[in-house]
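A.B. asks: The structure follows.
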Amino acid sequence: MEVMNLMEQPIKVTEWQQTYTYDSGIHSGANTCVPSVSSKGIMEEDEACGRQYTLKKTTTYTQGVPPSQGDLEYQMSTTARAKRVREAMCPGVSGEDSSLLLATQVEGQATNLQRLAEPSQLLKSAIVHLINYQDDAELATRALPELTKLLNDEDPVVVTKAAMIVNQLSKKEASRRALMGSPQLVAAVVRTMQNTSDLDTARCTTSILHNLSHHREGLLAIFKSGGIPALVRMLSSPVESVLFYAITTLHNLLLYQEGAKMAVRLADGLQKMVPLLNKNNPKFLAITTDCLQLLAYGNQESKLIILANGGPQALVQIMRNYSYEKLLWTTSRVLKVLSVCPSNKPAIVEAGGMQALGKHLTSNSPRLVQNCLWTLRNLSDVATKQEGLESVLKILVNQLSVDDVNVLTCATGTLSNLTCNNSKNKTLVTQNSGVEALIHAILRAGDKDDITEPAVCALRHLTSRHPEAEMAQNSVRLNYGIPAIVKLLNQPNQWPLVKATIGLIRNLALCPANHAPLQEAAVIPRLVQLLVKAHQDAQRHVAAGTQQPYTDGVRMEEIVEGCTGALHILARDPMNRMEIFRLNTIPLFVQLLYSSVENIQRVAAGVLCELAQDKEAADAIDAEGASAPLMELLHSRNEGTATYAAAVLFRISEDKNPDYRKRVSVELTNSLFKHDPAAWEAAQSMIPINEPYGDDMDATYRPMYSSDVPLDPLEMHMDMDGDYPIDTYSDGLRPPYPTADHMLA
């Protein structure tokens with residue numbers, strides 16, 4: 001009986017609205033009942049209006065009530081209700097006073113009647129909703145046991161009809177809350193959805209759960225009833241509406257229900273969701289991709305499942321083929337999460353992810369641009385050999401002119417990695433004013449190491465080993481970058497930044513025109529100061545027998561190597577050579593010849609080779625007892641080290657007695673020059689040896705500047721997995737409980 005009443009319920013609202021004017025004169029501008037000066041007349045008016053409303057209403061709700069008793073109760077309640085409605089909507093207005101509301105309407109101005117009508121209309125609407133809310137809740141509560149029974153019926157037709165009724169109830173808030181309060185009914189809906197083969201029943205049951213998922217209580221009821229595995233099964237449905245209801249319900253569960261993510265993973269939800277990326281509805285794809293992001297965020301296993309099911313390729317395809325901003329944004333969020341996974345990164349890059357993301361760097365959507373920038377930044381260390389990135393590189397150079405910290409961090413980091421060991425990219429960036437843009441970025445960055453360090457690394461790459469390297473070295477000077485770069489050597493800058501700056505200074509010193517401005521910027525005293533500090537720190541650990549620790553990811557031995565190598569190149573200039581000598585550095589350089597690190601031995605021998613060109617310095621080198629370690633280095637496996645050692649020995653032996661010179665000559669001939677006449681000639685004539693620093697990294701020790709070193713993925717603004725502050729669907733926070741089409745706007 002209650003179920004039948006549910007079908008008649010909408011009639012009540014319409015009829016109440018149609019007869020509502022009898023309770024108020026606002027609609028017609030006059031009372032619908034004739035005013036009376038007697039109290040009896042007024043009472044009769046109330047009763048007449050009330051009876052008219054009561055007569056209509058009781059056709060739905062008084063079935064089964066004895067006529068005499070039911071009529072009396074309903075007349076009393078509705079009479080009082082009509083009176084309350086009138087008093088609430090038009091307080092203080094009697095039948096006689098209502099005629100005063102009539103006024104002549106002036107064109108362009110609201111009449112008194114119209115102004116009075118505005119609040120009354122709002123109140124009327126509120127009353128309609130209130131009556132509906134109460135009656136919906138009561139009817140739904142009474143019908144729940146019967147509906148639960150019908151949903152469990154063996155007759156599919158009965159089950160379908162019951163599902164349709166419950167679906168109608170779930171569309172109204174009051175009855176929906178009643179449904180959520182019945183675990184038995186929700187469980188019956190889940191069972192029906194899971195077991196049915198009827199498409200209409202599947203559509204109704206998924207729609208019911210979708211409607212319930214707009215409330216926290218509904219989400220909990222679905223979760224406790226085992227709804228998640230059932231919803232995951234529905235992702236295989238051929239019916240588009242069923243797919244939509246299932247994915248949006250799962251999306252709401254993932255957003256707001258604790259434990260839902262694990263439940264979806266255990267139900268193999270990812271394996272069902274990734275193939276859905278081949279659908280062609282942009283709004284459906286937007287919800288699906290956000291589900292993937294919620295599941296992959298902070299969960300390495302989920303990322304690998306997405307990879308195994310072809311997720312990177314499908315996501316890149318979406319970025320390449322669609323223009324719907326919300327879809328591009330949600331897809332870029334998934335790619336950003338995957339971009340810190342070592343296994344997913346190559347797959348994204350190989351699928352053309354760098355190029356697809358680069359397409360959107362000029363989008364009008366700031367949030368999309370920022371996601372693409374972070375993802376490019378995180379992928380760039382495995383994309384150093386990628387082709388077709390010319391437009392991306394040009395856009396990144398242009399992005400260096402903006403003031404947004406995140407944009408600058410991403411642009412500098414990506415440029416640093418993409419110019420690593422890639423001569424073509426280095427040349428392209430240099431030719432497109434990349435050096436100038438990077439210097440300006442450094443000047444604006446201030447103390448923001450996240451910008452300054454990758455910018456310096458990019459400049460270090462641009463100033464070495466490509467056809468336009470000399471142009472880049474000169475460009476730094478011409479754009480007044482040298483003073484700013486030298487200042488970065490000051491403590492308390494982080495050691496990674498100091499290390500990158502030392503390497504850049506070494507490259508700048510390869511250009512003779514830069515020597516004077518470098519000297520004016522007092523670069524040599526700063527390098528010597530850093531060298532002494534780093535060497536002392538390293539020696540303390542050697543003396544204590546402890547392993548050299550990393551400071552911010554940098555070993556002090558790397559700083560020693562870098563400073564010595566930079567001083568080696570600077571010493572080619574006579575003025576610089578004299579300044580280095582006067583700072584009493586020779587004893588330290590001689591000590592470095594005993595280092596266990598081959599690269600340090602090489603740069604130490606190199607700087608001594610340059611200093612030995614001056615007799616005073618050569619004598620000082622000899623006085624420090626350098627001959628013994630230099631003799632040993634003649635047998636070094638590193639050809640450059642052996643050549644430098646030979647040149648120093650040859651120079652300091654010039655003023656020795658004939659016996660000493662003969663012994664040195666024999667040693668040189670036996671160890672090095674027997675098979676290398678060119679090296680012998682170089683040692684004799686003291687021609688500076690321009691051996692390039694190799695690209696290969698030592699197996700146990702990473703050289704300071706011997707190669708371009710790609711930056712690791714940033715542990716910020718990417719996946720908090722390392723990262724990142726939770727992005728949301730709006731520019732502010734997520735809406736608490738989205739409406740049915742919150743993703744479809």
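Note that Cβ sites are derived from N, Cα and C of the backbone, with glycine treated the same way.
Since this is a predicted model, take the numbers as computed values, not measurements.
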A.B. asks: From Ser125, Ser241, Ser595, pick the one Swiss-Prot annotates as phosphoserine?
C.D. replies: Ser125
A.B. asks: Looking at Thr14, Thr54, Thr59, Thr196, which residue has the O-linked glycosylation site feature per Swiss-Prot?
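C.D. replies: Of Thr14, Thr54, Thr59, Thr196, Swiss-Prot lists Thr14 as: O-linked glycosylation site.
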A.B. asks: Which candidate in Ser99, Ser416, Ser653, Ser671 appears in Swiss-Prot with the annotation phosphoserine?
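C.D. replies: Candidates were Ser99, Ser416, Ser653, Ser671; Swiss-Prot attaches phosphoserine to Ser99.
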A.B. asks: Quick check on the record annotations: which of Ser39, Ser120, Ser175, Ser665 is tagged phosphoserine by Swiss-Prot?
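C.D. replies: Swiss-Prot annotates phosphoserine at Ser665; the rest carry no such entry.
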A.B. asks: So which of Ser213, Ser464, Ser730 shows up as phosphoserine in Swiss-Prot?
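C.D. replies: Going through Ser213, Ser464, Ser730 one by one, Swiss-Prot flags Ser730 as phosphoserine.
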A.B. asks: Which of the three DSSP states, helix, strand or coil, fits Ser182 (phosphoserine)?
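C.D. replies: DSSP call for Ser182 (phosphoserine): coil, neither helix nor strand.
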A.B. asks: As a test: from 298-341, 423-464, 470-510, 512-551, pick the stretch that has the greatest number of Cβ pairs under 8 Å with the repeat 'ARM 11' (574-613).
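C.D. replies: If we count Cβ pairs closer than 8 Å to the repeat 'ARM 11' (574-613), 512-551 scores highest.
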A.B. asks: Give me the DSSP three-state residue breakdown of the repeat 'ARM 11' (574-613), ordered helix, strand, coil.
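C.D. replies: Residue counts in helix, strand and coil order: 30 helix, 0 strand, 10 coil.
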A.B. asks: Identify, in sequence order, the residues in the chain of Ser182 (phosphoserine) that are 6 or more apart from it along the sequence and have a CB within less than 8 Å of its CB; answer 'none' if there are none.
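C.D. replies: Result: Leu144, Thr148.
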A.B. asks: State the non-local partners of the repeat 'ARM 9' (470-510) in its own chain: residues 6+ outside its ends, Cβ under 8 Å from one of its Cβ atoms.
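C.D. replies: Answer is 426, 430, 435-436, 439-440, 442-443, 449, 452-453, 456-457, 459-460, 462-464, 517-518, 521-523, 526-527, 530, 551-554, 558-559, 562-563, 565-566, 569-570, 572, 704-705.
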A.B. asks: Based on DSSP, tally up the residues of the repeat 'ARM 8' (423-464) by helix, strand and coil.
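C.D. replies: The breakdown for the repeat 'ARM 8' (423-464) reads 35 helix, 0 strand, 7 coil.
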A.B. asks: Which value does the mean pLDDT take for the repeat 'ARM 8' (423-464) in this predicted structure?
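C.D. replies: Averaging the confidence scores along the repeat 'ARM 8' (423-464) gives 96.
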